[in-house]
Amino acid sequence: MKTTKTFKQMKRDGEPIAMLTAYDAPSARLAERAGVDMILVGDSLGMVVLGYDSTVPVSVDDMVLHTKAVKRGAPNTFVVTDMPFLTYHSSFSETAGHVRRLLQEAGADAVKLEGGTDIASTVQRLTAAGVPVVGHIGLTPQSVGVLGGYRVQGKAQEEGEQLLADAQALEQAGAFAIVVECVPKQLGALLAKEINVPIIGIGAGAETDGQVLVYHDVIGYESERVAKFVKQYTAVSPIIEEGLASYVTDVKQRAFPEEAHTYTTNDTGWLAVYGGDKK
């Protein structure tokens, strides 16, 4: 399995890091077979899997449950788990308790925190305690209410300079990688050049050190409306819907189960009492 050292070496070697979200064992298993370098159990599961309209309602219990499933499905892949909304903004003791659950109970290999200079001290204390941390700057979904919605960050020079300062603060605090979301490609390239740890982009251009996308967006699974930065490589929803509709039709018409899908008995006593044939 790859490690934090591996990812830093990949940056030095110029090998892009392929990161993908997963929220359950079957998805994680397929991601591992496909050769994904790193799996993110994102709090995006709130919207993608749990039916919420934001990431805010997602709990530590949710993240523990889904991380366990992902680790069972992809035991040989490095797994990063999101710290949910407001789970790392109070006392460090409380933050450490949440991190302990995600690493020890759920089996995550690292945690991801949203924020820059404002959370650098927390990141520093976590990394000093031996916790691998991934940072997340730019468009931070947990803060969309403050940011004014899902919009591109860092377009103005002042915003870009702040994001550079955020990335520098996270690197100095010990983060081994930083996710940069929804920023101009020029800023994504600058961050990859100026920061010594991997910059993993999502809507940050092609010159970052890696890319991350949501599993369901990549395969076109219930993702009719996607962000500009998403490329859908297939569309499984119509195939799934067609299969389910065919199943319903077969049941209604008694076309399923067929003989190939049924069991039988040749016990003459049973047949004498209850009837039926021996086929």
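Cβ coordinates come from backbone N, Cα and C, glycine included.
Record check: Swiss-Prot places ASP43, ASP82 at the Mg(2+) site, and the matching candidate among GLU114, GLU158, GLU159, GLU161 is GLU114. Take the CB of LYS112 (3-methyl-2-oxobutanoate binding site) and look out to 10 A: across all protein chains shown you find 22 other CB atoms. Between the C-alpha atoms of ASP82 (Mg(2+) binding site) and LYS112 (3-methyl-2-oxobutanoate binding site), the distance comes to 5 Å. Sitting within 8 Å of the Cβ centre of ASP43, SER44, ASP82, LYS112, and not among those site residues for 3-methyl-2-oxobutanoate, are the Cβ atoms of LEU40, VAL41, GLY42, LEU45, THR55, VAL58, MET63, THR81, MET83, PRO84, HIS136, PRO141. Of the recorded residues, ASP43 (Mg(2+) binding site) and LYS112 (3-methyl-2-oxobutanoate binding site) place their C-alpha atoms 10 Å from one another. Residue density at SER44 (3-methyl-2-oxobutanoate binding site): 22 other Cβ atoms are found within 10 A of its Cβ, drawing on all protein chains shown. Comparing GLU181 (active site, proton acceptor) with GLU114 (Mg(2+) binding site), their Cα atoms are 11 Å apart once rounded.
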